[in-house]
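Quick notes on the structure that follows.
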Amino acid sequence: MERSMYAGRVRSEHIGTTITLKGWVSRRRNLGGLIFIDLRDREGLMQLVVNPENTDAAVVETAESLRSEFVIEVTGTVEAREQANDNLPTGAVELKVEDLKVLNTAKTTPFEIKDGVEASDDTRMRYRYLDLRRPEMLENFKLRAKVTHTIRNYLDDLEFIDVETPMLTKSTPEGARDYLVPSRVSQGHFYALPQSPQITKQLLMNAGFDRYYQIVKCFRDEDLRGDRQPEFTQVDLETSFLNEQEIQDITEGLIAKVMKETKGVEVTLPFPRMSYDDAMNNYGSDKPDTRFDMLLQDLTELVKDVDFKVFAEAPAVKAIVVKGNADKYSRKSIDKLTDFAKQFGAKGLAWVKMTDGVLAGPVAKFLTSIEEKLTDALQIEENDLVLFVADTLEIANNTLGALRNQIAKELDMIDNTKFNFLWVVDWPMFEWSEEEGRYMSAHHPFTLPTEDSAAELEGDLSKVRAVAYDIVLNGYELGGGSLRINQKDLQERMLKALGFSEESAYEQFGFLLEAMDYGFPPHGGLALGLDRFVMLLAGKDNIREVIAFPKNNKASDPMTQAPSLVADKQLEELALHVELENE
């Protein structure tokens, strides 16, 4: 028989009607001579009732045989429950079973199909198809679908054109490691899976498309963490003839529309702006979480004459004040914070507490000469804990920024009902890579430098600023964009500044440079991380919760066992030979 409706949508207005439902057995129990079955489908649970006294014996026998996760088809009459269950949307009704069929049986599942499941991440991923049956997971993907639907409608209304760009493209430097795909036809040659459609979307602007968008898969072979996956989805935009403010306005409108449609939240526009330098100096992060205070304070000048070499000789001394919580931090717990700080390059962590109106702690004796000034500068009060880092400015900022976030989580200082958006602007064009021993693009090599700093491409690269902008939500980079270079000579200068010879520049990017000979318009754009956005909207802390079939922290899939070895014949066709490290 045809299904009449979803089980989770049966309501009081259906009382007295005969319906057919199909789904999974969530549980079965015998009580007071009756058999109760909870039927689950994607819309929720519905209680079924089998009364052996007035039900066909074959139906009763089938009902008795049911186990969790059996797939069934049931027909019956909707009746009012004697005692309503206010915890269920269907709690006012139940289905009096008249016919029952088992469509498929099921083994005992490795974990219970319910929210709050107690199973390891790898077990959940090994049986992802079972994990996805849980109501919480289904809701995540309904939310994701609503977000993408809203985005498409918004951009379609603004006359953006949805264009698919290639998945098999050219490997280019300046970025994370590429995923490579060997060519069978051109042996020894490789495609790369795109880290983003950056160059192709710029070429679409040269083609006159004017406004492009795509919800697109991207790939990066990088170390993983909670908000990263090797394959991810981004909302990709590019426009011609718009300035950065106009692009930001479009983005803000898109986000406001998504927030209203999916969360019922009215966000205030325009979003706040914060310079990159202010973000790093005050929050210790280029993606600051502004839902709580505890800003970084610069004490370099104040402590330069104290009798404590660690402070007096450090290039920078900065601090954060943990207000009113010093009593929660014993020496042992501060030692743990010190170990945490060392992960970010700090040599150690100095601290003092305000106890009975005076500063106490290992370094307090070195600060007596400036205690009053220090107390005033930091507004230290009773039961405050002050944490200091003395090092380079970069290490001090990064370390205290990470400590700030860690402590806020430990002390439950963050209001998780808030959605704090902001733009981080005025970015440096380059960042120094200790590993590479050279300057690298802070974003990518096609970012437009500011007009007043472009001359430094042949001088001090640390002084070059970019017409770039990142959008941040609650301490996460939601996306980033920039105006792009559209003049060939400037693009050549940019590549030269990054260490490309003329020959290597044309070998890697010749097709883009050639395109700049043919009337390339001014253009710019942005990309938003869809997975990360949905994760934050769903209140999760790992994007695996909003990706149907994600990879684990080893970039592998416990369900399909990907990546896997392949047959020698396949390798021979590709003219490849694999040597494993342990061979």
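Just so it is clear, glycine is given a Cβ too, placed from its N, Cα and C backbone atoms.
Residues ARG220, ASP221, GLU222, GLN229, GLY529, LEU530, ASP531, ARG532 are recorded by Swiss-Prot as ATP binders, and the candidate that the same record lists for that site, out of GLU164, GLU477, GLU581, is GLU477.
Between the listed ranges 198-201, 242-245, 298-301, Swiss-Prot ties the annotation region 'Aspartate' to 198-201. Considering only the binding-site residues ARG220, HIS443, ARG484, the residue whose Cα is spatially closest to the Cα of GLU477 (ATP binding site) is HIS443.
Comparing CA positions across the binding-site residues ARG220, HIS443, ARG484, the one lying closest to ARG532 (ATP binding site) turns out to be ARG220. Closest to LEU530 (ATP binding site) in space, going by CA atoms and restricting to the binding-site residues ARG220, HIS443, ARG484, is ARG220. Remote same-chain residues near the region 'Aspartate' (198-201) are listed as 163, 165-166, 169, 172, 212, 214, 236, 238, 444, 446, 509, 512, 525 (criterion: CB distance under 8 Å, separation of at least six residues from the stretch ends). Residue pair ARG484 (L-aspartate binding site) / GLU222 (ATP binding site) shows a Cα separation of 25 Å. Residues near GLU222 (ATP binding site) in space but far in sequence (CB under 8 A, at least 6 apart, same chain), listed by position: ALA176, ARG177, ARG228, PRO230.
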